[in-house]
Amino acid sequence: MTQAKSPIIFWFRRDLRLADHPGFSAACATGRPVIPVFVHDGRVEALGAAPRFRLGLGLAAFADSLNAAGSRLILRRGDPLAELRALLAETGAGAVWWSRLYDPASIAQDQKVKAALRNAGCDARSFAGHLLFEPWTVETGTGGFYKVYSPFWRAVRGIDVAPPVPVPTRLPVPSVWPGSDRLESWHMDAAMGRGGAVVARYQSPGEEMALRKLDVFVDKRIDLYKQDRDNLDAEATSGLSDHLSLGEIGPRTLWHRGQEAIRSGAAGAEHFLKELVWREFAYHLMYHSPHILDRNWRAGWETFPWSEDRDNPGFVAWCRGRTGEPLVDAAMREMYVTGRMHNRARMVAASFLTKHLMVHWKLGMDWFADCLTDWDPASNAMGWQWVAGCGPDAAPFFRVFNPETQAAKFDAGGAYRKRWIAEAQKQPPQTALDFFSAIPRAWMLDRDASPAQPVVSLEAGRKRALAAYSDQFSTPSNGKLA
Ligand SMILES: Cc1cc2nc3c(=O)[nH]c(=O)nc-3n(C[C@H](O)[C@H](O)[C@H](O)COP(=O)(O)OP(=O)(O)OC[C@H]3O[C@@H](n4cnc5c(N)ncnc54)[C@H](O)[C@@H]3O)c2cc1C
């Protein structure tokens, strides 16, 4: 077979969709057979319990949509380069194409794969698609990267974003398919324990669901998005983060729907795009300062006296939704049951851990990475460092969220707390009861448990945090960007 007619292997990772997919559309447009492939590699192995489980659901949904379009998803397990080489040999394919990822480990892996395949004469290519703006295309006036969100937003808001490409009209397939693993044999839910069955009820994976959610959001909620998005009890946001994380919907699709909504006068639409651009900013930072994933983004915080003890009783109580601070506990339970947490609640829970409890943000970030079905490396790291005070564009450390004031403001009637905390309610809602079905039995917690007692007094916790901050940063040279 000549290379011009040979199949193209399309290597899917976090781009599980058919619409708004520049790389896959380009592959289909060649008319050559296209073999969609997903490789279960070390990166998948390293995922937390909930993201791996959600990825399994996403792969099943994506395989269904490929089947419905007359194609297939080939599943392989192992080192990507070895698996792709094996597939090239088995199928006679002459090309491997994929969409780019931006975390340092993926970049290093992709560079290695690209170089090795090209050396062997294979047409190895990567495409954009996960982001609106490639991180190296947005620069400050002096040629650096943006370290503060607002100027980043001003720099990108006027950039022309290419419209989303439509679903390919035809998915050309090979005459013979290579062998594939069965998805069930990967046991993507293995680390979920009994929580898997509970969390599953709150999931709606797949591209079709994502597009439907977007329609509902644009029709019914985008207008009021700016004013309602912080209200903990309102369903005011898009709920698209897990779909974006796995690429079940493309950011260009959201951008253009948001622009249309602005043109039709929807008051909240610009704010929605601003939030979407926070995701871009997180990727911009991760690409240009990858240490955001595992080290304090700002210098001067290395010796900050955060506890790194995973057995710290405050940390254990926080993970288990038993801090005795109702808004924090409600937030932690929402995440354990649904795999998601309201953005406002994420900020309050993260602030409580890093400030009132003085626990290192890395422990909180890791717990989120284990529990969130919308886990995203860039947004999670940026969110934690931003709240902890050592990150970009930080609200100063000394602005400590008070969970009770936050509750009074954003959960005034207490509906959010009632939805997630069963203790002390005569007839708790199913959502609150679901928590006890989802948690490990080893936590020895059931619906008859007495209400949790505060692990720290808000005033004492705040004072301790501020004293530590003042000790650390009493010299003006500290707290600067690394
Ligand atoms: C400590 C902490 C950890 C976080 N971890 C994650 C994470 O692992 N994965 C994740 O997707 N988001 C994370 N976020 C950001 C944010 O909470 C979620 O993106 C948001 O709650 C998702 O809900 P939605 O899809 O309804 O958002 P919408 O309000 O409808 O916003 C639309 C999209 O914009 C993006 N977005 C909105 N707000 C933010 C933000 N603050 N930062 C980055 N992107 C944003 C998301 O992709 C979101 O889906 C974190 C925030 C904090 C404070």
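A Cβ is built for glycine as well, from the same backbone N, Cα and C atoms used for every other residue.
Remember, TrEMBL labels are computer predictions, not curated facts.
Straight from TrEMBL, the features:
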- Tyr225, Thr237, Ser238, Gly239, Leu240, Ser241, Phe272, Asp374, Trp375, Asp376: FAD binding site (BINDING)
- 6-132: domain 'Photolyase/cryptochrome alpha/beta' (DOMAIN)
- Trp306: site 'Electron transfer via tryptophanyl radical' (SITE)
- Trp361: site 'Electron transfer via tryptophanyl radical' (SITE)
- Trp384: site 'Electron transfer via tryptophanyl radical' (SITE)
Task: Of Trp306, Trp375, Trp384, recorded positions neighbouring ligand 1, Cβ under 6 A - done: Trp375, Trp384
Open item on the list: Looking at the recorded sites listed here (Trp306, Trp361, Trp384), whose Cα lies nearest to that of Ser238 (FAD binding site)?
Closed with: Trp384
Task: Spatial neighbours of Trp384 (site 'Electron transfer via tryptophanyl radical') among the recorded positions Tyr225, Leu240, Phe272, Trp306, Trp361, Trp375 [C-alpha, 10 Å] - done: Trp361
Open item on the list: Need this for a regression test: recorded positions Tyr225, Phe272, Trp361, Trp375, filtered to those with Cα within 10 Å of Trp306 (site 'Electron transfer via tryptophanyl radical'). What's left?
Closed with: Trp361
Task: Phe272 (FAD binding site) in three-state DSSP notation - done: helix
Task: Structural state census, the domain 'Photolyase/cryptochrome alpha/beta' (6-132) (DSSP three-state) - done: 60 helix, 26 strand, 41 coil
Open item on the list: Just to confirm my parser: what is the rounded mean pLDDT across the domain 'Photolyase/cryptochrome alpha/beta' (6-132)?
Closed with: 98
Task: Cα-Cα distance linking Trp361 (site 'Electron transfer via tryptophanyl radical') and Leu240 (FAD binding site), given in Å to the nearest integer - done: 25
Open item on the list: Give me the count of other Cβ atoms within 10 A of the Cβ belonging to Leu240 (FAD binding site).
Closed with: 21
Open item on the list: Test of understanding: give the count of other CB atoms lying within 10 angstroms of the CB of Trp306 (site 'Electron transfer via tryptophanyl radical').
Closed with: 22
Task: Those residues of the chain, 6+ apart, with a Cβ under 8 Å from that of Phe272 (FAD binding site) - done: Ile222, Tyr225, Ser238, Gly258, Ala261
- [ ] Give the number of CB atoms, excluding that of Tyr225 (FAD binding site) itself, located within 10 Å of its CB.
- [x] 23
- [ ] Provide, as an integer number of angstrom, the distance between the C-alpha atoms of Trp375 (FAD binding site) and Trp361 (site 'Electron transfer via tryptophanyl radical').
- [x] 16
Open item on the list: Helix, strand or coil by DSSP: which one applies to Trp306 (site 'Electron transfer via tryptophanyl radical')?
Closed with: coil
Task: Spatial neighbours, same chain, of Trp361 (site 'Electron transfer via tryptophanyl radical') - Cβ under 8 Å, 6+ residues apart - done: Trp306, Ala350, Leu353, Thr354, Trp384, Gln385, Val387, Ala388, Cys390
Open item on the list: Of the residues named as FAD binders, Tyr225, Thr237, Ser238, Gly239, Leu240, Ser241, Phe272, Asp374, Trp375, Asp376, how far apart in Å are the Cα atoms of the most distant pair?
Closed with: 22
